[in-house]
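Note sheet for the following structure.
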Amino acid sequence: MPSLLLASSSPYRRELLARLRLPFACESPDIDESHRPGETPHDLVQRLAREKAEALASEYPGHLIIGSDQVAVLDGQILGKPHTFERAREQLTAASDTRVTFLTGLALLNSSTGECQVDCVPFTVHMRELDQASIERYLRAETPYDCAGSFKAEGLGVSLFRSTQGADATSLIGLPLIRLVDMLIKEGVSVP
């Protein structure tokens with residue numbers, strides 16, 4: 001079996017991949033994550049997932065390289081990582097009592113053959129109606145400034161959701177394991 005490499009510095013993705021009980025290494029790719037003019041959110045996450053994997057291919061020959069990228073989309077607009085309390089509060093206020101779709105791009109690159117499988121896995125959450133006090137309590141408790149849309153679903157962020165809809169709940173955290181297993185099997189990896 002080729003060695004697995006997770007092209008990410010995300011501890012959330014690392015924890016998810018560890019669930020598969022396959023040995024893997026992690027390396028953070030250095031790419032430009034800018035949104036291109038006219039690029040749809042769906043196309044953006046697929047491109048970035050692929051570019052993250054490709055950025056490490058020359059350093060890791062003989063590897064299966066996993067790239068992933070996620071955005072939250074509200075009314076057609078991308079909600080990126082907020083980075084600040086103020087921006088996170090704005091995002092959550094806008095998302096109150098709406099549906100937010102998380103798009104997770106996934107790429108599996110075989111650095112030996114150059115073959116790259118790419119997909120986008122959607123997951124939708126219906127947000128509770130949130131008042132400013134509950135938003136601020138959540139932000140102070142969870143500090144989700146490195147999470148798309150200010151949602152840290154693997155923690156207290158789940159309390160913001162009224163309901164969820166999607167084929168793979170792990171995509172909400174940033175690495176759709178069901179789809180990844182399909183890709184790994186196609187590459188001849190035995191899971192479990």
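Glycine is no exception: its Cβ is also placed from the backbone N, Cα and C atoms.
Around the Cβ of Asp69 (active site, proton acceptor), a 10 Å sphere holds 25 further Cβ atoms from the protein chains shown. If you look up Swiss-Prot, you'll see Asp69 marked as active site, proton acceptor.
Annotation source Swiss-Prot lists site 'Important for substrate specificity' at Tyr12 (among others), citing sequence analysis. Cβ neighbours of Tyr12 (site 'Important for substrate specificity') (same chain, under 8 Å, six or more residues apart in sequence): Glu154, Ile173, Gly174, Leu175.
Gln70 (site 'Important for substrate specificity') falls within a strand when secondary structure is assigned with DSSP. The Cβ of Gln70 (site 'Important for substrate specificity') lies under 8 Å from the Cβ of Val45, Phe102, Leu103, Thr104, Gly105, Ala148, Ser171, Gly174, each on the same chain and at least six residues away in sequence. Feature annotation from Swiss-Prot assigns site 'Important for substrate specificity' to Gln70 (among others); the stated evidence is sequence analysis.
Glu154 (site 'Important for substrate specificity') carries neither a helix nor a strand DSSP state and counts as coil. Per Swiss-Prot, site 'Important for substrate specificity' is recorded for Glu154 (among others), and the stated evidence type is sequence analysis.
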DSSP three-state assignment for Tyr12 (site 'Important for substrate specificity'): helix
